[in-house]
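Annotation comment: Swiss-Prot describes ALA156, GLU157, THR158, GLY159, SER160, GLY161, LYS162, THR163 as ATP binding site. Look at Swiss-Prot and you will find 1-21, 49-67 tagged as compositional bias 'Basic and acidic residues'. Feature annotation from Swiss-Prot assigns compositional bias 'Basic residues' to 22-48. Sequence annotations record features per position, and here Swiss-Prot assigns domain 'Helicase ATP-binding' to 143-315 based on sequence analysis. What Swiss-Prot records for 344-493 is domain 'Helicase C-terminal', and it gives sequence analysis as the kind of evidence. Swiss-Prot lists 1-71 with the feature region 'Disordered'. Per Swiss-Prot, motif 'Q motif' is recorded for 114-140. According to Swiss-Prot, the motif 'DEAD box' annotation covers 262-265.
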Amino acid sequence: MTKEEIADKKRKVVDEEVIEKKKSKKHKKDKKDKKEKKDKKHKKHKKEKKGEKEVEVPEKESEKKPEPTSAVASEFYVQSEALTSLPQSDIDEYFKENEIAVEDSLDLALRPLLSFDYLSLDSSIQAEISKFPKPTPIQAVAWPYLLSGKDVVGVAETGSGKTFAFGVPAISHLMNDQKKRGIQVLVISPTRELASQIYDNLIVLTDKVGMQCCCVYGGVPKDEQRIQLKKSQVVVATPGRLLDLLQEGSVDLSQVNYLVLDEADRMLEKGFEEDIKNIIRETDASKRQTLMFTATWPKEVRELASTFMNNPIKVSIGNTDQLTANKRITQIVEVVDPRGKERKLLELLKKYHSGPKKNEKVLIFALYKKEAARVERNLKYNGYNVAAIHGDLSQQQRTQALNEFKSGKSNLLLATDVAARGLDIPNVKTVINLTFPLTVEDYVHRIGRTGRAGQTGTAHTLFTEQEKHLAGGLVNVLNGANQPVPEDLIKFGTHTKKKEHSAYGSFFKDVDLTKKPKKITFD
């Protein structure tokens, strides 16, 4: 074969390759055009009309805000004529007297239920709640919005009756649609003790209407919990155990239409934020009514609410801008030598837990479990029938101790801060702080175990030089509740440490970023 023939053959091969490439390129382009056309058509169908604008449906469920058309939102609360006819001055006076603030972005302006007579529920539920003299402020204000299917944030002190505030509308919604199966009401709570307490309150309602309720928390075997979950419509759970059961496929939350985050601020403090988000994503945002109850309203809680709630109504009871203690509690603060605290405790028990006061409930707080175990032994040695809940005890022992205290079998309970918030122990007359807690916020939550449900109570606190950095905050709380401030406490100073920034510590300060930097010249 000549050189010319070889060259000619090569040219033909190259030409064929070029033609093939052009064909391939054209084929790919046609395929791409076809796909784009198909996608365009698909997107067109996925668009929803909202007024005059077209809004594209989001792709990611985790970023999707819940729609207002939830299953429970279809229920419509009708305000009674008797409540409507009340003069506005009565409503204004009620709001002022109870320091109530409502942020209602939907402008519904629903009136608070000043009496159970203004509420129309199933007779069995009505009979149960009517055992109380009247709704608590959080119940009175929140019920109309919750019965209307709205999302609600409740900011209120512990012991304000919030369990029935979310429990009564939950059971009422369940009764309106009894055909549904699976878990419909989910309450997430930070601790086993609080979860058990909520369960004890809710089961009173579910038993009345023939519904199943179960409580799920760690520290006990899962087998019985798996069985209970399969037949329950109402579930109270701690985040850790619920997530475990979700990950192993033992629980289905797709039917949940009423979600409650109780003590939301405390759950975030304990590091449950990601767990909570993962749990919420297992529910259907389009049919979920979401409730959040919290004692404080920090940035983290606000962000959680904005992510998973739809135009929530915010109901605040009391002054939530600053830390305040229940004014029905007589606060006594005594500055003592740390070495004499346990001897002083025995003196206080003679004052608050002997003679005519022998049967009055007294709650003693220690700071750490080792201290609690030592004090428990000392009290028993001195003849006191004391129950205890702290970290060294098993879940069964803690539950038994709490039940003994509630029933009156033991009227003296020793606890660490595991029980400082949320535990609803009725008729606690006196709280003794043997060791001051790590924060003034915890102090307020501790003493909030007494003076509940309109009753009065006493909180006696032993304060030492070791806690002097907290003196200023404690003085503010005492002044805010019109309580006497001991001279020995003022000697420690009344300044309060600035709240630390998460990244910059106590050196953080707000800077006006709009100001331009000054030009500095050197001569």
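A Cβ is built for glycine as well, from the same backbone N, Cα and C atoms used for every other residue.
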**Request:** Might you list, by sequence position, any residue in that chain lying six or more from GLU157 (ATP binding site) with a Cβ less than 8 Å away from its Cβ?
**Result:** ALA295, ILE317, GLY318, ASN326, GLY448
**Request:** Provide the three-state DSSP residue tally for the domain 'Helicase C-terminal' (344-493): helix first, then strand, then coil.
**Result:** 69 helix, 26 strand, 55 coil
**Fill in**
Per the Cβ filter (under 8 Å) with a sequence gap of at least 6 from its ends, the motif 'DEAD box' (262-265) is approached by 162-163, 166, 187-190, 194, 198, 292-298, 300-301, 304, 421-422
**Request:** Pop the mean pLDDT for the motif 'DEAD box' (262-265) in here, whole number is fine.
**Result:** 89
**Prompt:** Counting across all protein chains shown, how many other Cβ atoms sit within 10 Å of the Cβ of LYS162 (ATP binding site)?
**Reply:** 27
**Asked** Helix, strand, coil residue numbers for the motif 'Q motif' (114-140) per DSSP?
**Response** 14 helix, 0 strand, 13 coil
